[in-house]
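> Mind having a look at this structure? Questions to follow.
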Amino acid sequence: MNIFRFLGDISHLSAILILLLKIWKSRSCAGISGKSQLLFAIVFTTRYLDLFTNFISLYNTSMKMVYVASSYATIWMIYSKFKATYDGNHDTFRVEFLIVPTAILAFLVNHDFTPLEILWTFSIYLESVAILPQLFMVSKTGEAETITSHYLFALGIYRALYLFNWIWRYQFEGFFDLIAIVAGLVQTVLYCDFFYLYITKVLKGKKLSLPA
């Protein structure tokens, strides 16, 4: 494993921890898109169906379990434990517009036409756009709490680092996965506007807001 993947995983874990602690400590999921979290749960569930059949390393298996467990823990807190604080009125993105196209694309463009491979490919495509409901929600409300901004920034850094991971693997291992690279580029581009606002506002102590 190279340093970019490791740092990407650390950034991803940091984002998850920030989100879970934010909800649990504040006893509120205000400002968090339940729809984005549902999409992430679908992503990790479909990607890691090989959890108990394909062992690569203890690290790999542990990370898979953490991602799956944390995604469902987040959903439980949003839709059950702290349901009264969930801002469903602003979380209105039509997720079917993300799920259906990515599912169709996974059937058409994949590495191998087998159930597990199609589901893995679907998870890659869906993850690239899963943050859209959250960004849409921030845009609709006009602002985001600082802690939510930190969560989004950590997620964006995770994806950017994974792009460097693919470059490193191509350079030193000769490994090239066009599907993962293109999806990663799409996801990183979606964060670009947010990155700019985060650096120019949040890091200067101001509240982040996206143009409506």
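The backbone N, Cα and C atoms fix where each Cβ goes, and this holds for glycine too.
Annotations for this protein, taken from Swiss-Prot, read as follows:
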type	residues	note
REGION	159-169	region 'Interaction with the K-D-E-L motif on target proteins'
SITE	Arg5	site 'Interaction with the K-D-E-L motif on target proteins'
SITE	Glu117	site 'Interaction with the K-D-E-L motif on target proteins'
TOPO_DOM	1-4	topological domain 'Lumenal'
TOPO_DOM	25-32	topological domain 'Cytoplasmic'
TOPO_DOM	53-58	topological domain 'Lumenal'
TOPO_DOM	80-92	topological domain 'Cytoplasmic'
TOPO_DOM	111-116	topological domain 'Lumenal'
TOPO_DOM	136-149	topological domain 'Cytoplasmic'
TOPO_DOM	169-178	topological domain 'Lumenal'
TOPO_DOM	200-212	topological domain 'Cytoplasmic'
TRANSMEM	5-24	transmembrane segment
TRANSMEM	33-52	transmembrane segment
TRANSMEM	59-79	transmembrane segment
TRANSMEM	93-110	transmembrane segment
TRANSMEM	117-135	transmembrane segment
TRANSMEM	150-168	transmembrane segment
TRANSMEM	179-199	transmembrane segment
> Could you tell me whether the transmembrane segment (33-52) and the transmembrane segment (150-168) have 3+ CB pairs under 8 A, leaving out pairs under 6 positions apart?
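Counting Cβ pairs under 8 Å (6 or more apart in sequence), the transmembrane segment (150-168) does not reach the transmembrane segment (33-52), since there are fewer than 3.
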> Measure from the CA atom of Arg5 (site 'Interaction with the K-D-E-L motif on target proteins') to the CA atom of Glu117 (site 'Interaction with the K-D-E-L motif on target proteins') and give the result in Å, rounded to a whole number.
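A Cα-Cα distance of 22 Å.
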> Please work out whether the transmembrane segment (5-24) lies in contact with the transmembrane segment (59-79), by counting C-beta pairs under 8 angstroms that are 6 or more apart in sequence and asking whether there are at least 3.
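Yes, the transmembrane segment (5-24) contacts the transmembrane segment (59-79).
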> May I ask you to check whether the transmembrane segment (93-110) and the transmembrane segment (59-79) make contact, with contact taken as at least three Cβ pairs under 8 Å and only pairs 6 or more apart in sequence counted?
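The answer is no, given that the two segments have fewer than 3 Cβ pairs within the 8 Å cut-off.
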> Could you check the recorded sites Arg5, Glu117 and say which one's CB has the fewest neighbouring CB atoms inside 10 Å?
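Ranked by other Cβ atoms within 10 Å, the recorded sites Arg5, Glu117 bottom out at Glu117.
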> For the region 'Interaction with the K-D-E-L motif on target proteins' (159-169), DSSP counts of helix, strand and coil?
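Final tally across the stretch: 11 helix, 0 strand, 0 coil.
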> So which residues does the topological domain 'Lumenal' (111-116) touch in its own chain, when a touch means Cβ under 8 Å and the partner is 6 or more beyond its ends?
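Answer is 49-50, 179.
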> Cβ under 8 Å to the topological domain 'Cytoplasmic' (25-32), counting only same-chain residues 6 or more beyond its ends: which ones?
19, 77-78, 82, 85-87, 134, 137-138, 141, 144-145, 148
> Pull the DSSP breakdown for the topological domain 'Lumenal' (53-58) and write it out as helix, strand, coil residue counts.
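Grouping H, G, I as helix and E, B as strand yields 1 helix, 0 strand, 5 coil.
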> Six or more residues out from either end of the topological domain 'Lumenal' (1-4), which same-chain residues have a Cβ under 8 Å from its Cβ atoms?
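Beyond its ends, the topological domain 'Lumenal' (1-4) has Cβ neighbours at 59, 161-162, 164-165, 167-169, 172.
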